[in-house]
Structure formats: structure tokens, C-alpha cells
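**Q** Pasting the feature list from Swiss-Prot:
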- 25-43: compositional bias 'Basic and acidic residues' (COMPBIAS)
- 44-57: compositional bias 'Low complexity' (COMPBIAS)
- 79-92: compositional bias 'Low complexity' (COMPBIAS)
- 118-127: compositional bias 'Low complexity' (COMPBIAS)
- 147-156: compositional bias 'Basic and acidic residues' (COMPBIAS)
- 258-291: compositional bias 'Basic and acidic residues' (COMPBIAS)
- 343-353: compositional bias 'Polar residues' (COMPBIAS)
- 354-368: compositional bias 'Basic and acidic residues' (COMPBIAS)
- S260: phosphoserine (MOD_RES)
- S261: phosphoserine (MOD_RES)
- S262: phosphoserine (MOD_RES)
- S332: phosphoserine (MOD_RES)
- S334: phosphoserine (MOD_RES)
- S857: phosphoserine (MOD_RES)
- S858: phosphoserine (MOD_RES)
- 1-214: region 'Disordered' (REGION)
- 258-315: region 'Disordered' (REGION)
- 336-368: region 'Disordered' (REGION)
- 1-404: topological domain 'Cytoplasmic' (TOPO_DOM)
- 426-452: topological domain 'Extracellular' (TOPO_DOM)
- 474-485: topological domain 'Cytoplasmic' (TOPO_DOM)
- 531-536: topological domain 'Cytoplasmic' (TOPO_DOM)
- 558-564: topological domain 'Extracellular' (TOPO_DOM)
- 586-654: topological domain 'Cytoplasmic' (TOPO_DOM)
- 676-685: topological domain 'Extracellular' (TOPO_DOM)
- 707-712: topological domain 'Cytoplasmic' (TOPO_DOM)
- 734-752: topological domain 'Extracellular' (TOPO_DOM)
- 774-779: topological domain 'Cytoplasmic' (TOPO_DOM)
- 801-813: topological domain 'Extracellular' (TOPO_DOM)
- 835-869: topological domain 'Cytoplasmic' (TOPO_DOM)
Amino acid sequence: MSGRDNRGAGGGGGGHQPLSSAMGKLKEKLTRAGDDQGYHRVESNLSTSNTATSLDTILPEDPFLFPQAAPQRHPLPRPQQQQQQQQRQQLRLLEDEPPLSFRPLLEDDDINEPPTQPFQQQQQRTPLRASGSLELTPLPPPPTSQEIREHRDRQQRSVPVPVEDLQRSKQSLKGSRVSFEKNNASSKPPAQAESSDEDSFEDKRIGFQQQKATSVDHKGILKDLKHILANDNRRQFQAKKHVSLDVKGTRFLQDLLKESSSEEEFHKTRREFQGRKHQSLDPRVTFKLDKVLQGSSTDSDEEGDDPEHKRLIHRPKDITKPLIIDLKDLESESDEDFHTSRQHFQQQRSISTDSRKSRRPYEMDEMGNKRGENIRHAVPFVRQITEDGKPKLEVYRPTTNPIYIWTQVLAALSVSLGSLVVGFVSAYTSPALVSMTNRNMTSFEVTPQAASWVGGIMPLAGLAGGIAGGPFIEYLGRRNTILATAIPFIVSSLLIACAVNVAMVLAGRFLAGFCVGIASLSLPVYLGETVQPEVRGTLGLLPTAFGNIGILLCFVAGTYMDWSMLAFLGAALPVPFLILMFLIPETPRWFVSRGREEKARKALSWLRGKEADVEPELKGLMRSQADADRQATQNKMMELLKRNNLKPLSISLGLMFFQQLSGINAVIFYTVSIFKDAGSTIDGNLCTIIVGIVNFMATFIATLLIDRAGRKILLYVSNIAMIITLFVLGGFFYCKSHGQDVSQLGWLPLSCFVIYILGFSLGFGPIPWLMMGEILPSKIRGSAASVATAFNWSCTFVVTKTFQDMIDFMGAHGAFWLFGSICFIGLFFVILYVPETQGKTLEDIERKMMGRVRRMSSVANMKPLAFNM
């Protein structure tokens with residue numbers, strides 16, 4: 001390109017200003033574009049024949065394009081340096097290609113239009129030298145706006161540029177005539193992105209809306225699929241639902257069968273009904289329920305508009321549209337049939353919808369619907385159901401820490417040693433009276449009347465101790481009350497061992513009986529308030545087992561010791577009991593009742609373990625105590641006489657009465673004497689040992705059966721066993737008293753005694769004590785339990801005191817027949833009045849007994865002391 005062409009374009013003073021203005025705009029635009037693309041700015045002098053203009057040109061950072069005038073660079077980060085090195089290696093492959101050139105713009109050029117020259121024409125230009133001089137080339141005519149739009153459309157429809165061409169195109173200038181041609185035609189320069197071109201903005205918005213619509217369509221398709229799937233599942237459920245509720249279908253079939261006039265018509269009608277029935281299994285089928293009308297059914301009517309003979313099943317046109325069914329369409333002959341069908345359907349639905357609910361976790365009583373019934377009494381009662389389908393007696397949350405369970409075992413073992421002392425003292429008279437009535441073994445005479453008082457004064461003292469035990473455990477505490485009985489037990493045994501007359505023996509027995517009455521009430525209360533529910537069944541057995549062990553120990557030791565040495569052994573037994581009681585704490589519930597929260601927390605920490613969290617249990621005890629305080633009255637004994645409380649109290653007293661009037665304590669106290677009078681060939685002391693072992697083993701058998709067979713079943717078995725054995729014993733003694741030879745039947749008394757003890761220990765031994773804690777209302781449980789315990793000891797005193805007199809008055813056979821008759825009456829009492837409490841919660845039992853529900857205290861869950869006395 002010659003220099004005069006340029007001079008002609010810019011010659012004269014009038015043409016210099018427009019050219020300078022255009023060059024200034026170009027300079028500003030290229031400066032911004034270069035800064036955005038990461039190019040350095042280099043000053044160059046563009047020389048013409050008569051015009052010298054300073055222009056800031058844009059040079060790329062690659063030194064290969066301009067090796068003579070490489071600009072100074074600042075140090076770049078390592079990732080950018082590595083990228084530049086890769087670019088240099090790629091560009092060295094192009095060393096044989098000629099360098100690119102550019103020219104300045106003329107006045108008549110449109111600087112806003114993109115370059116249209118091909119890349120091959122730019123490569124034919126002369127390279128830019130170090131001096132900055134340029135060789136100018138003529139420009140082609142600028143493209144029109146229509147050509148630019150067509151070019152953009154072709155760019156949008158073009159195939160994406162490869163990565164190598166894209167990286168190479170980044171090295172070229174964008175958006176001006178002083179530019180290097182780029183192969184990536186789809187990318188736009190930043191300077192052009194900043195322009196306010198409405199066409200470019202509209203194109204971008206249209207493209208974005210198309211992408212958005214496409215994504216929305218995909219989401220809509222997924223949503224429709226989910227809706228169709230859910231609707232299909234719902235349709236299947238509706239099919240099952242209305243099949244179970246369709247009481248009209250069977251009636252319709254019956255009507256059709258009744259009106260069939262021939263066997264062929266009968267089979268045809270049955271096939272049609274079966275077809276409709278099996279068609280209901282199709283998940284795509286919904287139900288159309290029509291009211292059943294009272295009319296005749298014929299084939300012509302079924303074709304017509306008679307709703308009775310319309311098909312109950314049809315296929316809807318739109319399978320995604322749900323069918324709304326009104327329950328009023330399910331018309332039945334009576335409301336009772338409708339409610340029964342609905343309840344049955346609800347039960348089946350709860351089972352079919354979730355297989356995990358096939359076993360009901362709870363059951364609910366039906367609400368009363370009597371007219372005028374108070375709504376507060378119509379609230380249904382909910383009970384938890386165990387895995388075997390039976391109601392659960394008590395619901396507890398496991399909180400036991402297995403590492404520290406030994407503390408609760410120690411507490412249960414300590415109080416159980418007190419139960420061992422109680423059992424030993426209770427059975428003392430049976431082996432001791434044999435040697436005590438022997439003049440060669442005592443320094444004083446014991447008459448038969450005095451011997452009856454030795455055996456009967458202890459139950460009388462136990463009655464007084466049972467009455468006094470209630471206030472003692474409330475004011476002194478459970479632990480302190482039990483601990484206070486240890487020293488009197490030792491003193492009472494020493495009085496008997498060192499006795500020089502009958503009065504000292506009676507004093508020792510009275511003191512021992514008073515302690516037995518207190519211990520029989522306080523021992524189960526302590527265990528109920530300290531042992532956790534998870535181990536209460538196992539540890540609650542220890543007092544009963546140790547009581548029977550004490551009875552067995554007394555029988556065994558009595559075969560080798562006289563009455564004095566046996567009393568010394570009884571004085572030594574409370575010593576370990578006394579030592580262990582000092583190691584265990586007071587019950588947390590008693591501390592809470594006295595407002596000693598910190599001591600209650602320490603007691604719980606000792607029982608549950610140092611690492612256990614006792615705050616939830618402590619808060620529960622405080623809430624329970626607050627409820628008990630609100631329900632408490634000043635005169636608790638008057639509460640026993642209320643109408644709602646008399647029924648459970650009378651049942652508890654009746655069980656205690658028939659327990660003692662069965663003659664159990666009389667048999668235990670006079671076992672040796674009975675075998676001696678019977679003339680049995682078996683040693684009397686051996687018989688007592690056998691009876692004690694049977695009593696001990698029967699306790700564990702009853703523990704295994706009481707929650708499986710039920711309370712009333714065991715009471716039936718116990719009554720029948722005692723009735724049979726008592727009447728057989730009475731017959732044996734009747735034959736002996738009338739001079740008949742019974743020497744060949746020496747085994748019969750022992751067999752009857754074993755069966756009698758076994759039957760008693762299975763039912764009437766532990767169940768009256770257990771049901772006392774179950775049926776007595778929580779509000780009066782403390783006072784009512786004291787009355788029941790006192791009544792039990794009163795009956796024990798009467799039986800043991802009058803047993804010898806009954807034998808003298810009516811003979812042994814008369815006494816056993818009397819006890820058997822009382823057991824026979826007790827059998828009818830159990831059948832008619834005693835409720836079954838197996839598998840029922842305390843709330844349910846109280847609601848059945850009293851007609852309302854109260855909050856149960858955890859003290860009520862204690863297992864009473866149930867050893868035989």
C-alpha cells in the first residue's frame with residue numbers, strides 16, 4: 001500500500017480533526033478490550049508522508065508473534081507460567097508461517113462492525129517490526145447490518161469449535177479492525193458484549209427461555225409419571241377397599257339365585273357374578289356403587305336403567321382421574337351392619353397397608369353409647385399388646401445399667417436375709433415343741449394349753465406389728481424400720497434360749513412376732529421402691545425364696561437340736577442381716593416424700609450406678625409424689641368405707657381369710673405332732689424336711705406359671721388340691737380313731753401333706769399377696785394393705801391358737817374336714833368374685849373395679865412378701 005493513498009485520505013486541515021477523533025475512540029475501545037483480554041499496551045509510532053499519529057496498539061503476550069519487541073512482563077503465578085509454556089510449545093510448530101500484520105483505521109471505516117477479512121488474507125500482510133512502522137493495506141467495503149445478522153445466525157447453527165482451535169483463537173484480538181482473525185466464530189468479544197444491541201439480547205433471552213422450557217418439560221414428565229404411579233396404587237387400594245365393603249354384591253347374587261327358574265339360568269348367573277368378582281382384581285378397575293333397590297331382577301331390566309342390576313365395575317375412560325365415592329352409597333339394611341362392616345374394613349386396612357402393623361401394638365375398649373352417659377366415663381382405655389397378642393401388665397422403659405446391677409442385687413439380698421429370719425421364726429414351734437414338752441429336756445413344765453399359746457402368740461403379735469408397721473415406714477423410713485427389727489429378733493431368740501419358765505418363752509415369741517409383722521410389710525415396700533422394673537421380677541422372688549429357705553433350715557436343724565440350741569441359732573441369723581442393712585441406702589421415694597431431693601439423688605446414684613443419668617427418674621418420683629399429695633385426705637381410714645373402695649378391699653380380705661382358714665400355718669406349726677399321732681412309719685423330722693423342700697420348690701414353680709396360666713386358674717388348682725388332700729387326711733384319721741388298722745397306710749399322710757403344700761404354694765400362698773397390690777386402689781393402697789395384713793395375722797392367730805383345741809374337741813378328722821369345707825366355699829368365692837388380673841395394667845384393673853382410672857404409683861408395682869407362715 002502506497003503512502004499517497006493515506007495522505008489523500010487525510011490531506012488538508014479539514015480532514016485531520018475527524019481522523020483524530022476516530023482514532024481517539026478506537027484507542028479508548030481497544031484499551032478496554034486489551035485490558036479485558038489480558039494484553040499489554042505498547043507505544044508505536046505510525047509514520048506517513050505528512051501525518052504523524054501516536055497510537056496505542058494492542059500486542060498479544062506471546063513473544064513468538066513479535067520477537068523483536070517483546071514487552072517487559074511481571075512475574076506470573078506458577079499455573080499461568082505452565083500454561084504459557086504449553087502455549088509456546090504449540091506455537092513453535094507454526095514457525096514456518098509468516099507473521100500477522102495489521103493496519104490503522106481510516107476515517108470512513110465503521111469501528112463498530114466486526115472484521116470480515118478471512119484469516120488467509122491477514123497472513124499475507126507484512127509483519128510488524130520492532131520500530132513500530134506499519135505497511136498499510138487497502139480495506140474491503142464494510143459489511144451491512146443484514147450481513148452481520150446472517151453471520152450471527154450461521155454462528156449459532158455452526159458446529160462447536162474443537163478445543164485446539166478455541167485455545168488458538170484466544171490469542172487473537174476481538175472486536176476491531178486492528179485484530180487477528182479467530183476460528184471460534186461462536187464466541188463474542190467482551191467489547192461487543194457490553195454493547196446495547198437489542199438483537200443480541202433478544203437472541204440470548206430466547207435461547208434461555210428455550211432451555212428453561214425444555215427443563216420444565218422434563219420435570220413435568222417426571223411429575224406426571226409419579227402422579228400416574230400414585231394414582232394406580234390408590235386405585236388398587238380402592239378396589240380392595242370396596243370389595244371388602246361391598247355387602248350388596250352378595251345380596252344381589254342371592255336375589256338372582258332365588259329368582260332363577262332353571263339350572264342353566266342358575267349356572268349362567270353364577271358365571272356372570274364370578275366374572276365380575278375376578279374382574280375386580282384388575283388394578284385399572286374402579287367401582288361404581290349403586291343403591292340396591294327392592295325389585296325383581298330379569299335380563300331385560302339389567303339391560304335397562306334399573307340401578308339394582310347395573311354393573312358395579314366399569315372401566316373409566318381417563319385412568320388418571322380418580323373416582324370419588326360417597327359412603328352414603330354403601331347402604332345396608334341397618335346401621336349396625338354398616339358400623340360392623342366399617343370396623344372390619346378399618347382393621348383389614350391397617351393390616352394390609354403396612355405389613356409391620358400386622359401385629360397390633362395396642363388395643364382399645366369400645367366407648368359407651370348409652371343415652372345420658374357422662375362423656376368423661378366414656379373415654380376408651382388403651383392397653384399395650386405384647387408379641388403373643390395378650391395385653392401387657394406393665395409398660396416400662398429399660399434404664400438398667402448392667403455394670404452396676406450388683407448394687408440392686410446387694411439391696412435385695414440384704415432385705416431377703418431378713419425374710420430368712422422371718423421364715424425361721426415362723427416355723428420355730430413345729431420342731432421346738434417336741435423337745436419343749438419333754439420334761440427330761442426342760443427345767444419347766446409346758447402344758448398343752450401353754451404349748452398352744454407358744455404357737456399362737458406369735459401371729460397375735462404379728463397383727464400388732466402389721467398395724468404399727470405402716471406409721472413406722474412412713475416416719476422412720478423403710479430402711480430404718482427394717483434395720484430396727486434386727487436387734488429385737490436377736491433379743492427374742494435369746495429370751496427363748498435362756499428361758500427358765502413359760503413366761504420368758506411367751507415374751508420372746510411375742511417380741512419375735514411383733515418384728516415379723518413389721519418386716520412382712522416393710523420388706524416388699526423397700527424392694528418395690530429400689531429395684532428397677534427390668535429386674536423386679538427376678539429380684540422380687542428373693543424374699544419369698546429366702547423365707548421358705550428359713551422354714552426348711554428350721555426343720556432340718558430341729559432334727560439335730562433341742563429347743564434351746566435352735567433358739568441360739570435363731571439369734572445368730574439376724575447378725576449378717578444387720579451388717580448388710582448398714583451398707584444399703586434409704587429408698588429414694590421416701591427421701592422425695594420428705595423433701596430431701598439431694599439425698600434422693602445420691603440414693604439413686606448408688607442404686608443405678610455413678611455413670612447413670614438419674615435425673616429423669618428423680619423427676620418422675622417428684623411428679624408422682626405431687627399427685628399423691630393432691631389426692632391425699634386427712635382421714636385415710638374413712639376412705640376405706642367409701643362404696644368404690646369396699647369391693648376391692650373385700651376381695652383382698654376374702655383371699656386372706658381363705659388363705660389362713662385353709663389350715664396352712666396349723667399344718668406347718670404342728671407337722672411333727674401330726675405325723676406322730678398318725679402313727680406313720682416314716683420319721684416325723686424327715687417328714688418335716690420333705691414338706692419344707694416341697695414348699696421351697698413349689699415357690700419357683702408358681703413363679704413360672706403365675707403369668708402364663710393366670711391367677712384364677714392357679715387358684716382353682718390350689719383349691720381343688722387342698723380340698724382333696726384335707727378330706728383324705730380327715731378320712732385317714734377317722735379310720736384310725738375308730739380302731740381300724742391303718743399301719744399299711746403309713747405313706748398316705750406324707751403323700752397328702754406333699755400334695756397339700758404343693759397345691760397351696762401354687763395358688764393360695766403367693767396370689768393373695770400379689771392381688772392385694774393389684775386390685776387395691778392407689779389412693780388407699782397403704783392403709784388398705786395394712787388392714788389386709790393385720791387381718792391375715794388375725795386369722796393366723798385364730799387358726800394356730802385353736803387348732804389344738806379343735807383336735808381335742810372334734811378330733812383330727814373333724815379339724816381337717818372343717819378346713820376342707822372352708823376351702824370348698826373358697827372355691828366358689830374365687831369363681832364368683834375374684835377378677836382375673838393376668839396381662840392387665842393396674843389402670844385397667846382399677847377402672848374395672850371402681851369405674852374410673854387414677855394414676856398408679858410405682859409403689860403399687862412392688863411384689864409382696866409371699867412366703868408361707
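Glycine too: its Cβ is placed from the backbone N, Cα and C atoms.
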**Q** Are there residues at least 6 beyond the ends of the topological domain 'Cytoplasmic' (474-485) whose Cβ is under 8 Å from a Cβ of it, and what are they?
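**A** For the topological domain 'Cytoplasmic' (474-485), the list is 415, 418, 515, 518-519, 522-523, 525-526, 529, 578, 581-582, 584-587, 590, 782.
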**Q** What are the DSSP helix, strand and coil residue counts for the topological domain 'Extracellular' (558-564)?
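**A** DSSP composition of the topological domain 'Extracellular' (558-564): 3 helix, 0 strand, 4 coil.
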**Q** Please list, for the topological domain 'Extracellular' (801-813), how many residues fall into helix, strand and coil according to DSSP.
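**A** The composition, in the requested order, is 13 helix, 0 strand, 0 coil.
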**Q** Within the topological domain 'Extracellular' (734-752) only, compute the mean pLDDT.
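**A** Mean pLDDT for the topological domain 'Extracellular' (734-752): 79.
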**Q** Taking DSSP states H, G and I as helix and E and B as strand, how many residues of the topological domain 'Extracellular' (734-752) are helix, strand and coil?
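**A** The composition, in the requested order, is 13 helix, 0 strand, 6 coil.
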**Q** Six or more residues out from either end of the topological domain 'Extracellular' (558-564), which same-chain residues have a Cβ under 8 Å from its Cβ atoms?
**A** 430-436, 441-442, 496-497, 499, 685-686, 688-689
**Q** Taking a Cβ cut-off under 8 Å, which residues six or more beyond the ends of the topological domain 'Cytoplasmic' (707-712) line up next to it in the same chain?
**A** 393, 767, 770-771, 830-831, 834, 836-839
